[in-house]
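According to TrEMBL, the compositional bias 'Basic and acidic residues' annotation covers 347-357. Taken from TrEMBL, the feature region 'Disordered' applies to 332-357. Marked as transmembrane segment by TrEMBL: 32-49, 70-90, 96-121, 128-149, 169-189, 196-220, 232-253, 265-285.
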Amino acid sequence: MAAAAATTAEVGAVVAATSGSYKGMSSDNIKGLVLALSSSFFIGASFIVKKKGLKKAGASGIRAGVGGYSYLYEPLWWIGMITMIVGEIANFAAYAFAPAILVTPLGALSIIISAVLAHIILRERLHLFGILGCALCVVGSTTIVLHAPHERQIESVREVWDLATEPAFLLYAALVIAIVLILIFHYIPQYGQTHILFYIGVCSLVGSLSVMSVKALGIALKLTLSGTNQLIYPQTWTFAMVVTVCVLTQMNYLNKALDTFNTAVVSPIYYVMFTSLTILASVIMFKDWDRQNLTQIVTEMCGFVTILSGTFLLHKTKDMADGSISTATRLPKHADEEDGFGQEGIPLKRQESGRTP
């Protein structure tokens, strides 16, 4: 009887440990997930609405691609802009509830929504491999969502400040700032116009710090709205200043990248670098992986790689038509624009000559 009781106890312990390894999504993670999905929908849809507005404005005025601003008088363009702002607000709020390792990779879904809506509304053909890319993004996102760590319970913005001032994250932040300064003052003046990685590198490195600050600020606002005022702490305003500086720097160099290189190159490379560095920063600062076992971590990484594969496949097949890639893939960015949207090639360096192959 004693042996049977011991066996039963051991089995019960194993079952309890197994069931405890996955407790399902927390309520905060679910809120963050819903906000992140909403953000992807609004941002993905905004590109299509804005493009419709640009086309409509270009039909009756000077196109944006040649310096015109007639789109500012087009209501459809403003609807697209407002939709994008709503999406960014939802994305900001998502970081207040869920870890960055859950929220950031879901940004790939906006690419899917944009591609699908472009296929339906703009009649831009979505190639079979593009559909496969969308499916890979969905599978990867689902994998990450199911295995994402629970959000750390934080009661004050001062707790976030303590995490941000630990030696490991201070070392990461110092390395990021040092690399960014070297890129800005040494490499970009010489190679910025010919090598895309320098512009994108600045955007991604600074972006990883901006997301950590956005998350801290979002937590502070969430706690304030729930009745615990965080606006009285200087740490809240420090995070707000960091967000402002980082976002302005990020947008400046992202605009330079988009103005110099094709969107089909900028988007996937920026997504990969920005998401990878953001996850790294979150793991260091919030110690997301400390609350997970090796199986969960490896599964999340597999999900992330799946999303990256889908993203690259989707962008790679944008110019495919009838099973072949358009010969325009090697054209410079401004060689053949339509309503402010150039043909999207895939060169890693800008073509200095305007000739076609």
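Every residue gets a Cβ built from N, Cα and C, even glycine.
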In contact by Cβ distance (the transmembrane segment (196-220), the transmembrane segment (265-285); 3 or more pairs under 8 Å): yes
Close approaches to the transmembrane segment (96-121) from elsewhere in its chain (Cβ under 8 angstroms; 6 or more beyond its ends): 28-29, 31-33, 35-37, 39-41, 43-45, 47-48, 51-52, 87, 130, 134, 137-138, 140-141, 144-145, 148-152, 211-212, 215, 218-219, 221-222, 267, 271, 274-275, 278-279, 281-283, 286, 288, 300, 303-304, 307, 310-311, 314-315
Distant-in-sequence neighbours of the transmembrane segment (169-189), which means Cβ under 8 A and at least six residues beyond its ends: 163, 198-199, 201-202, 205-206, 208-209, 249, 280-281, 284-285
Winner by Cβ pairs under 8 Å against the transmembrane segment (32-49), considering only 70-90, 128-149, 196-220: 70-90
